[in-house]
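Enquirer: One structure coming up, written as structure tokens, with questions to follow.
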Amino acid sequence: MARAAALLPSRSPPTPLLWPLLLLLLLETGAQDVRVQVLPEVRGQLGGTVELPCHLLPPVPGLYISLVTWQRPDAPANHQNVAAFHPKMGPSFPSPKPGSERLSFVSAKQSTGQDTEAELQDATLALHGLTVEDEGNYTCEFATFPKGSVRGMTWLRVIAKPKNQAEAQKVTFSQDPTTVALCISKEGRPPARISWLSSLDWEAKETQVSGTLAGTVTVTSRFTLVPSGRADGVTVTCKVEHESFEEPALIPVTLSVRYPPEVSISGYDDNWYLGRTDATLSCDVRSNPEPTGYDWSTTSGTFPTSAVAQGSQLVIHAVDSLFNTTFVCTVTNAVGMGRAEQVIFVRETPNTAGAGATGGIIGGIIAAIIATAVAATGILICRQQRKEQTLQGAEEDEDLEGPPSYKPPTPKAKLEAQEMPSQLFTLGASEHSPLKTPYFDAGASCTEQEMPRYHELPTLEERSGPLHPGATSLGSPIPVPPGPPAVEDVSLDLEDEEGEEEEEYLDKINPIYDALSYSSPSDSYQGKGFVMSRAMYV
């Protein structure tokens, strides 16, 4: 009993020592309900205006805000208090930097202090004319009753958007690395990042100096390579990245390298022969700046009289033995000189090997085209045959898997034939009679035997004898009594429709039934009996 009593919960009130602890817990819980909402980082442009948001959330009825202050904990002691706002005394800016000229409360608007309860919930502070010294941590603090003091901290960053430019440097051909382009990002904070985009063999050299504005940096990147004619006219791209840019700045630069002429000679086709009149040599030049002079000469010192120099071209009026030499084209510009040589071999007769080679090349191309067309045609034919075989196999599978295309005669047709034999064989109503002539068994009575719907054609013996159609020499002909008069039109119509359906069904099974059927009886057979030989049953 004592143990059970010990397990029962105690119903005694809390001891007096627990009341202060419970009160502290309630106060701490209530204080956590109110918080200060600030941004962890705010960026402002150098020389511009920035707002530092600060809100007391959530609005609590009966909460009294006694004071709002902004402080800079990392500033010197005499500059830590930046701004304050009292419900009755209004705003105050004790620190000379930034001072009242550059600070203001956005919501309170430095009002007279009347009706400021709602305004104090929003303690957003605005800074005008940002300088580099304004960068740092700012603390927004609310002194409230009965919740106590709550605060939030914001980091203010002062950035400066740089000004970018890129330009090419006019350089002259040399064997040493030289700066051929510059990319400059001026007065940025923080310093900009510069890179180059190019397929040339290059390297970049970067320097940083202080900008004209305090706290800014100017970055210069030099695009360096060994200047040559290959680099002249090539476009490279300067890429500048900065946190104030939404996307990197891309600045194209076209390089300009001055170099002496690079010369080559064209026009010789290895088919110069004595007496040829349509020969020409051309001096092809690539240079910067443009060529200023062309000079044609030979290594032998003898210049053919039938060759005439016309600037960059050498026109030959008639080829003779003097052209068996080496021609030299010399080109000059403001940077230097370049030359090229071309050896000429003069033949006695035209060279047909080149024409044959050209014809062989053309023939080979045509043969390749024809072979490709034949191969493509063969592939298409094979694919078509394979497709047709696949479709045919699929159709055969469907035919094998599906139900049979015919069905045996229904018992209903036989029963109807047995019930109305006289109606089927009435010669007087030929328009309603069936297409097939029935036959009878001689050994059975007319009422017991089943009426057949088709019979075989007469044999040769039957055709040669004087028997009636359907009779044979194996037995005596059996007379068929004439049928009763025609029934009513309604019965004949029904019988006609059912007969046509059965006729179509049997024709689908085997078309030979149509060939074996007799035509409709004529008027000459009316009133006569019909006989059938029993030989077909043997």
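Numbering starts at 1 and runs along the chain as displayed.
Using N, Cα and C of the backbone, Cβ positions are placed for all residues, glycine too.
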Enquirer: According to Swiss-Prot, which residue among Cys54, Cys238 is joined to Cys140 by a disulfide bond?
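Expert: The record-listed partner cysteine is Cys54.
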Enquirer: When you check Swiss-Prot, which of Cys238, Cys283 turns out to share a disulphide bond with Cys183?
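Expert: Among Cys238, Cys283, the record in Swiss-Prot lists Cys238 as the disulfide partner of Cys183.
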Enquirer: Going by Swiss-Prot, point out which residue in Ser95, Ser433 is annotated as phosphoserine.
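Expert: In Swiss-Prot, Ser433 carries the phosphoserine label; others show none in the record.
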Enquirer: Cys283 has a disulfide partner in Swiss-Prot; which of Cys329, Cys382 is it?
Expert: Cys329
Enquirer: Report the mean pLDDT of the predicted model across the domain 'Ig-like V-type' (32-156), rounded to a whole number.
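Expert: Across the domain 'Ig-like V-type' (32-156), the average pLDDT comes out at 86.
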Enquirer: Looking at the recorded positions Asn137, Cys238, Cys283, whose Cα is closest in space to that of Asn324 (N-linked glycosylation site)?
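Expert: Spatially nearest to Asn324 (N-linked glycosylation site) by Cα position is Cys283.
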Enquirer: Report the DSSP secondary-structure composition of the domain 'Ig-like V-type' (32-156) as helix, strand and coil residue counts.
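Expert: Going through the domain 'Ig-like V-type' (32-156) residue by residue, I get 10 helix, 59 strand, 56 coil.
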Enquirer: Please state whether DSSP places Cys283 (disulfide bond) in a helix, a strand or coil.
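Expert: Cys283 (disulfide bond) sits in a strand per DSSP.
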Enquirer: Return the member of Cys54, Asn137, Cys140, Cys238 nearest to Cys283 (disulfide bond) in space, with distance defined Cα to Cα and candidates limited to these recorded positions.
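Expert: Result: the closest of the recorded positions to Cys283 (disulfide bond) is Cys238.
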Enquirer: Please report how many Å separate the Cα atom of Cys329 (disulfide bond) from that of Cys54 (disulfide bond), as a whole number.
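Expert: Pair distance, Cα basis, whole Å: 81 Å.
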